[in-house]
Amino acid sequence: MRLILLSGLLLLGIFLANGHEQDPDGKVLNSLIDALMHLQREFAKLRGAFLTVYKARSFGNGSERLYVTNKEIKNFEALRQICEQAGGHIPSPQLENQNKAFANVLERHNKEAFLVVGDSANFTNWAAGQPNKAAGTCVKADTHGSWHSASCDDNLLVVCEFYFIL
């Protein structure tokens, strides 16, 4: 959408730079201005619709972050690449409600998934006896949202985390 707006501005700039000899009544200029205003209104509607969906999804799962799966089963490195290409991140729940939203996805699919635990995390949800470095250097969550050490070579449900700064 921004590309369309920029294209409209570019056309307007070219028209203004060429002078008005070919459009003495300003019809072309007015047409370009009308088209640009229409695009701005459409962009505002699209942005509003996006924000409505985002807020509804956030409200529904009790978290400002969205956890989405493509239902594929992959190892940690493949997950990292998939999430990055999709514009998301490997899940990293920082609050209990975020972990619950993440666990809801896992429970619906009856699968485990990788997550990333930050060094300065204020929230953790390790299962009893975890972390266990002997099990691996990655972390997975079970269908209840409990965290376990895991091998990064395990193949688990692909879940990516998306959040927006508005």
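Using the three backbone atoms N, Cα and C, a Cβ is placed for every residue, glycine included.
Look at Swiss-Prot and you will find 1-19 tagged as signal peptide.
Sequence annotations record features per position, and here Swiss-Prot assigns domain 'C-type lectin' to 46-161. Here the domain 'C-type lectin' (46-161) returns a mean pLDDT of 90 for the predicted model.
Summarising the annotation, Swiss-Prot assigns N-linked glycosylation site to ASN61 (among others).
Residues annotated as disulfide bond in Swiss-Prot: CYS83-CYS160 (among others). When secondary structure is read from DSSP and collapsed to three states, CYS83 (disulfide bond) falls in the helix class. Spatially close to CYS83 (disulfide bond) yet at least six residues away along the chain are HIS89, ILE90, VAL158, CYS160, GLU161, judged by Cβ distances under 8 angstroms.
When Cβ atoms from all protein chains are considered, those within 10 Å of ASN122 (N-linked glycosylation site) total 7, not counting its own. What Swiss-Prot records for ASN122 (among others) is N-linked glycosylation site.
Around CYS138 (disulfide bond), a 10 Å sphere centred on its CB holds 22 further CB atoms from the protein chains shown. According to Swiss-Prot, the disulfide bond annotation covers CYS138-CYS152 (among others), on the basis of similarity to another entry.
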Which has the fewest other CB atoms in a 10 Å radius around its CB: CYS152, CYS160, the listed disulfide-bonded residues? CYS152
Inter-residue C-alpha distance, ASN122 (N-linked glycosylation site) and CYS152 (disulfide bond) (nearest angstrom): 24
